[in-house]
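K.L.:
If you scroll down you'll find the structure; I have some questions about it.
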Amino acid sequence: MAAITVVYGSQTGTAKEVAERVAREAKRRHLQTKLQSLEFYDWTRLPEESLIIFCVSTTGQGDFPDSMKNFWRLLMQKRLSTKSLSSVQFGIFGLGDTSYSRYNFVAKKLFRRLVQLGAAPIIDRGDGDDQHPIGLEGALDPWLSKLWDVVLALHPLPAGCSVLPSDTLPPPRFTLVTEPKSRNESRATHTNGENFSESSPYAATLLCNERLTAEDWEQDVRLFRLDITNSSIEYQPGDVLYVMPENSKEDSEKFLERMGLSGDTILYDLLPNDHDLHPSHIVFPISLLDYVRRFVDFMGTMRRYFFEMLSHFATDAMEKERLQHFASSEGQGDLRFYNTKERRTALQVLYDFPSVKIPLEYLFDFIPSIQPRAFSISSAQSAHPTDIEITVAIVKFKTKMGRIRRGVCTSHLSSLQKGDKVNVYVKRGLLKLPKEAQTPIIMVGPGTGLAIFRSFVQERRQQRSRGLTVGPTAFFFGCRGRETDYLHGEEWEEMLREGVLSLYSVAFSRDREEAERMDRGRNYVQHKIRERREEVWKILSQMSVIYISGSSGRMPIDVREAFVDVVRECKPCTQEEAEEYISTMDKEGRYQVETWS
């Protein structure tokens, strides 16, 4: 039997889901299949792989996922020769977003490096794009079709075998242990050691849950302060706090009721049946209610495989047919309309298909685990040695059909009281304050994009208090109005008075007087950059670093155009030269963008 290894580098879990699909389809073709995260993959095995498929995502400014960084470092060793991987055949599917300038940067770099080391691609690189009308599936489906044509040409099916049909129910991934093997047996692997992570977070105590926006304002933005005294946690300006979300008790009970399961059932262990790792982040024994609350993402919007799995358990013929359509390549447009655009939850889908009855042992197959949520830390540890602060917008919105949707993590955070525990850990962020305090910086952060810059400015204030020479520090903030969502407004104005901020400008987008003065309908950060162009150029021309943080879409594009205009008018130079000036800053790491949708 021919062998195939499928590995993934994932930041949010999407690349893992793609890799799992590749592995499932490989098994349907009778291939001996291994599936593993690059975080745990033994790279010394790579020269021995006859066929390996990589599913890798790109994060931030063309960065590698955390789980892949060590593998990449080892792959870049200078001692490796152009023949190191001469026996290896490979394929790569990259996950990216064309709204970012370094689209699928990781997949492109990995492809080039593998070829440099002598590996042979069996298929062109696949480039998934979140901006495609049907998302990643738009590139993944045709890429997989070509992949299996090539693989079966290289490794024909054994005599008498055929590709297993997609409606064949795979065995469950885990065997459930619902009876204790011994009186005291427990897998208590969840510890509070110094190296906190997703599998071993720190239980921080909530010190503050303060609403920053007006009570009658549509957007609820809050400041959360967490106690990390005696935790040994260290963080730098620009770092990220990961929070482990929890579903509400009410929603969890509703999910268990729909599944026909008892929350009182005790799980003593989950034993992997195939390539899965043991879930070491779970402390056993655990009640099914607690497990569902903490680990099952039933309030998330599911992907295609979820509907394929449901189709196996639908007893109503029409429901089964509809689910199979949603799971097919032809049904992806309809699935996007029904599911993705409406942000329908797994729980809602289960109620839409009442004939679906899922056995307990398959619970862990069709709904993924809850992923930790990342928030830019909005405090500097030099100013807050024993606590961490995050500035968070509480997610609540209406879908196109009028359904109210709430973010699982932010709803959980907003419900907490002082003294409650929050499971967290810290990772290095994508945007980093320059090592040299005298380096000039320009920050643009509308809305909650300001969070990371609050940590930057607090750090620069501390540097000044220590007698360091601190370079010019400019901040452009944008919000709706002074009385509604002027986040940390008094603090910014105090920083300006103290001289920590050398330039501070706020765009109140719904301030009519300001808009009329500037002769335009709305007032945004890009307008403020142009308005203060002489001051901006004075800082920009001193080998400064520009940082942009906030929602994706038009904002980062409009802000970049504003900086190009500043260079063109104040340098002065041609449009092409101004664009090249900003592009050079980007290449040198002096134009950094972090956005989210």
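Heads up, the Cβ atoms here are built off N, Cα and C, so glycines get one too.
What TrEMBL shows for this protein is this:
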{"type": "BINDING", "residues": "10-15, 57-60, 95-104, Asp130", "note": "FMN binding site"}
{"type": "BINDING", "residues": "Arg343, Arg373, Ala374, Phe375, Ser376, Gly407, Val408, Cys409, Thr410, Trp596", "note": "FAD binding site"}
{"type": "BINDING", "residues": "Thr448, Ser509, Arg510, Arg522, Asn523, Tyr524, Val525, Gln526, Asp558", "note": "NADP(+) binding site"}
{"type": "DOMAIN", "residues": "4-148", "note": "domain 'Flavodoxin-like'"}
{"type": "DOMAIN", "residues": "199-434", "note": "domain 'FAD-binding FR-type'"}
{"type": "REGION", "residues": "177-197", "note": "region 'Disordered'"}
K.L.:
To the nearest whole angstrom, what is the C-alpha distance linking Ser10 (FMN binding site) and Val408 (FAD binding site)?
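P.N.:
About 21 Å separates the two Cα atoms.
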K.L.:
Among the binding-site residues listed here, Ala374, Val408, Val525, whose Cβ has the fewest other Cβ atoms inside 10 Å?
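P.N.:
Sparsest of the binding-site residues Ala374, Val408, Val525 by Cβ contacts within 10 Å: Ala374.
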K.L.:
Among residues Thr448, Ser509, Arg510, Arg522, Asn523, Tyr524, Val525, Gln526, Asp558 annotated as binding NADP(+), what is the maximum Cα-Cα distance? Answer in Å.
P.N.:
19
K.L.:
DSSP helix, strand and coil counts for the domain 'Flavodoxin-like' (4-148)?
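P.N.:
Summed over the domain 'Flavodoxin-like' (4-148), the classes give 55 helix, 35 strand, 55 coil.
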K.L.:
Average the per-residue pLDDT over the domain 'Flavodoxin-like' (4-148) and send me the rounded value.
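P.N.:
94, rounded to a whole number.
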K.L.:
Output the one of Ser10, Ser57, Thr410, Asn523 that, of all these binding-site residues, has the highest number of other Cβ atoms within 10 Å of its Cβ.
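P.N.:
Sorting the candidates by Cβ neighbours within 10 Å, the top entry is Ser57.
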K.L.:
Using a Cβ-Cβ cut-off under 8 angstroms and a sequence gap of six or more, which residues of the chain neighbour Gly13 (FMN binding site)?
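P.N.:
Set apart from Gly13 (FMN binding site) by at least 6 residues yet with Cβ under 8 Å, we have Pro368, Ser369, Gln371.
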K.L.:
Where does Arg343 (FAD binding site) sit by DSSP, helix, strand or coil?
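P.N.:
Coil, per DSSP.
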K.L.:
What whole-number Å value do you get for the CA-CA distance of Asp97 (FMN binding site) and Val408 (FAD binding site)?
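P.N.:
Pair distance, Cα basis, whole Å: 24 Å.
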K.L.:
Would you kindly give the Cα-Cα distance separating Tyr100 (FMN binding site) and Val525 (NADP(+) binding site), rounded to the nearest Å?
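P.N.:
Distance (Cα to Cα, whole Å): 20 Å.
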K.L.:
Quick one: give me the count of other CB atoms within 10 A of the CB of Tyr103 (FMN binding site).
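P.N.:
Here the count is 18.
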K.L.:
Measure from the Cα of Gly60 (FMN binding site) to the Cα of every one of the binding-site residues Arg343, Ser376, Asp558, then give the nearest.
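P.N.:
So, of the listed binding-site residues, the one sitting closest to Gly60 (FMN binding site) is Ser376.
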K.L.:
Select one residue from Asp97, Asp558: among these binding-site residues, choose the one with the most other Cβ atoms within 10 Å of its Cβ.
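P.N.:
Max Cβ neighbours within 10 Å, all protein chains included: Asp97.
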K.L.:
Using C-alpha atoms only, work out the spacing between Asn523 (NADP(+) binding site) and Tyr103 (FMN binding site) and round it to an integer in Å.
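P.N.:
Asn523 (NADP(+) binding site) to Tyr103 (FMN binding site), Cα-Cα distance: 30 Å.
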K.L.:
Looking at the binding-site residues listed here (Ser57, Ala374, Val408), whose Cα lies nearest to that of Thr448 (NADP(+) binding site)?
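P.N.:
Closest by Cα distance to Thr448 (NADP(+) binding site) among the binding-site residues Ser57, Ala374, Val408: Ala374.
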